[in-house]
Every structure is written in C-alpha cells, then in structure tokens.
Amino acid sequence: MNYQRLAQLQKLVPQMRQVKRIHFIGIGGVGMSGIAKILLHEGYQISGSDLVQNKVTKHLVALGVSIKFQHIPENVLDANVVVVSSAISIANPEIVAAKKLRIPIITRAEMLAELMRFRYGIAIAGTHGKTTTTAMLASIYLEAGLDPTIVNGGLIKSIGQYARLGYGSYLIAEADESDLSFLHLQPIVTIITNIEADHMENYQGDFNYLKNTFLKFIHKLPFYGKGIMCLDDPVIRDLLPHISRHIITYGFNSKANFRLTNYHQKEAHVSFQLYRQDKPTLRIELNSPGRHNALNAVAAIAVATEEGIADKNILQALFRFKGINRRFDKLGCFSLKKINGKNGVVMLVEDYGHHPTELQATIQSVRIGWPDKRLVMVFQPHRYTRTRDLYEYFVGVLSKVDVLLMLDIYPAGENPIAGIDSKSLCCTIRNTSKLDPIFIHELNKLPVMLAQLLQDNDLVLMQGAGSIGLIASQLAIGKLQTNIRHNPLI
C-alpha cells in the first residue's frame, strides 16, 4: 500500500475524516460494494447490510467489513453516514431509523461524486457499452502506470475486481443514467457512448426528458473539460448543436474526429484502422468481438490520446484486454458425446445484454465472427416494463437467431404486467417469423431440452441480465455434462 499517497488523500478533506463509520444498505450489489471497498482502503470503518450472502459479501467480509444479513434499525446506530442503493425502499427499517437519529442518508452516486471531487474524474455514460468502455480505459491507464482509482459495473477480468483504489490522481468511473443519479457527478472528462430509450419508468416515459438529462450531464463538465461522444448515434448528433462544451467525436462516421475503418473480425479477434486528427493512424487489434466493442475501444483511445498517453501503452492494453465478466464471456467448449451421444463440439457463451440493441449487436458479432455456427440462444427477458416498452423490437431481433429457447421474465423487483410475458413473446415471434421458439417455464428442464436439440458446431448463447448468469455457470461446471474441456477465455 502507498501510505504516503493515502496520507495525502486523507488530508484533502479533513472534515470528512471526522466520519468514522460509513454504513451501506444493500452492500451486496456491484455498485455499492465497489465504493465500500475503496472507502475501506482509504481508512474508513465500513459496515453494511443485505438480505443475501453472495461472492461479493464474502469478499468484503474477508477484507474486514462488518455485514449483517438482515435489515434492522440496530445496524445504523453507530453510523456517521448511511449510503443507500437505489433498489432500497424508503420504508426500509434502517432508513427509518437513520432519519429518526438524524444520520445523513446519501445515495451511492453522491458518495461516488465525493470520491471524484478531489480527483481527476473521468465518467463513462451511455445506454450501452459503458461498462466495457470503462474497463478498456482503466486498462490503458494501468498499462501507462497512472495507477487510477476504478469504479465499474462489471468485473474486469485482468484485475479480477469491479473497483480498486489507486494512488494516482485519476478516478475512472461508470456513470449510471438509469435513475438520473449520474447528475451528481462532476467529471473533467466524459464519454457518452450512445443514448436510447431504456429505464423509461424513471423518465416519466418521456424520451425528451431522457435526452435533456444527458444534455445536463454533459454540461456538468467544467469549461476546460472534454466530452467524448459517438457520432454514429443519431440522438447524440441531434444534441451536438445544443452543447457548449469542447466535444471530440468518434465512430465509423466519416466526419468523426476519431474514425474507424477497415474493420475485420475472425472469431473473437478484431482489427481495424483508426484515423486521428493530427495524430498518426493506428492499427488496433482486440480480442473483444463485435463492431460495438471496436467503438468502445475507440472511445477509450480518444480519451487516452487527448490525455497524452503513449500509443504503445494504448495498443498493448487493448490487445491484452481480457474483457468483462458476463460480456460475451466464453465459458467453454463441450463434447456432445457426453451430452446426447452425438459426435461434435458445442461452444457455450454468456452475455449480459438485455436490451434489443445489445442483443442485435451480439447476434451480428456471432454472424461475422463465427459464420459457420448455428446460433442457439437461451434468453431471459429482464423487467416487465422493458419487455412491454420494446416488445416489437424484441420480436424483430430475437427472430434472427437459429434456435430460441426463452425463460420467464426476470422481474428485477417489478410486478407482473397483464399480457406481458415470455409465452406471449414466443407466440408473437412464431406468428411473425419462420422461427419456432421454445418456452421453458421450469428451469430444471433446460439442460434436458438443450441436450435434445444441440448439434455439432452449435454456439449456445446464454443471454440476459438476471438469474440466467447463475444458470450459465451451472451448465458450465457440469449440469450440462460432467467432463468439460475449457478453452482460454476470450
């Protein structure tokens, strides 16, 4: 540990050092746990509560965090400040107790903003791609020896963490637009990857409200700050005339300041040329498939180039980039002989994408990189509201796979909506396309159903943001077969 740098951090805001114990309600979530871990390493006493034990809570307990697995008023008695997840109800007994005791209650984003306030903040926002872009940018800064603090929404495989405390001056963070909480942040540099209708329940169902919120976010930049924005995105192009900050664009668009061309993909390996204004052209090589990941990489390159990071560090970091957990995550290759007695091998991949645009990008990536494979998708829709709002879009995109198995909608805390369910979605796809989806209501039937239909050279894509991640892991460790040969992760 860099004790000298830690001492410097502790002197930045002496008033905050008066805070001894910080309590997190819902500490088991990825976003909450990352910030808790950073504050723990900064020297604060951290406690938390959650209803479920998981890998995250076990890791925090091993680091010395005190976690109670029930929400009771006693948990907050000695806290100086309480940090709450957006998933926590205001009726939570710990919140009620904190209010009675006049203990300050803040959101996760407010605490992240406090961490960013005395660092060089770089915030990555957008409907799609922000987690991967954050990880790519963090990897470049690590390669360059800049030792950044990192707060991400996905596990970065190369460091095995969602978040880390660095002793350099940079804080690289994923900015969450889902509940407008990113408006608390005041970064020096911002990336906006794209803007699309999602989480509309938090925007009163008004897309203009969503657009204007992103406009407010970009104007959180100081006058000397920089906004990095994707010119391929039509909503971003529409917003550009209304922005009064320094903007640098990127994309396949011929007018972009950082322009991709000559894109090639073979399996997971991607290469392309990158033209940069007043800078040498770069040949980029990635092991993250898809045009969407090429765009994510260019967003990171644009920031790194503007910040003066050497090209060799950029190229090396991106080539070595191992990806994000649950983002086109190759879990292994499996012999069919032990699954259904047939000859051949199938490949199992997990992907977190749950918006139809994300599904479309992943399907396109498979078609380009593995053109000879039959694409078998197991999809778990995420949220009733998203399924309702994007129903026709889902129908069109899901119709493009070769075989579709669909699980029940993962509610993510939502109540069911009449007429919005996976069985109806399957019926609509069946009636409007050549595809005959298979609806699976009972999860224990999934391995049997897969075994019946799998063929040599299939690519099985476990798609979704809910419990399907656990299902994919179970399949990979032996529920689908007992003797597994793992390939290196992509």
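Using N, Cα and C of the backbone, Cβ positions are placed for all residues, glycine too.
Copied over from Swiss-Prot, here are the features:
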- Gly126, Thr127, His128, Gly129, Lys130, Thr131, Thr132: ATP binding site (BINDING)
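Feature annotations (Swiss-Prot) mapped to structure.
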{"residue": "Gly126", "record": "ATP binding site", "CB count, 10 Å": "25"}
{"residue": "Thr127", "record": "ATP binding site", "CB count, 10 Å": "22"}
{"residue": "His128", "record": "ATP binding site", "CB count, 10 Å": "21"}
{"residue": "Gly129", "record": "ATP binding site", "CB count, 10 Å": "24"}
{"residue": "Lys130", "record": "ATP binding site", "CB count, 10 Å": "27"}
{"residue": "Thr131", "record": "ATP binding site", "CB count, 10 Å": "24"}
{"residue": "Thr132", "record": "ATP binding site", "CB count, 10 Å": "31"}
Once Gly126, Thr127, His128, Gly129, Lys130, Thr131, Thr132 are set aside, which residues in the chain still have Cβ within 8 Å of the Cβ centroid of the ATP site?
Ile124, Thr133, Thr193, Asn194, Asn296
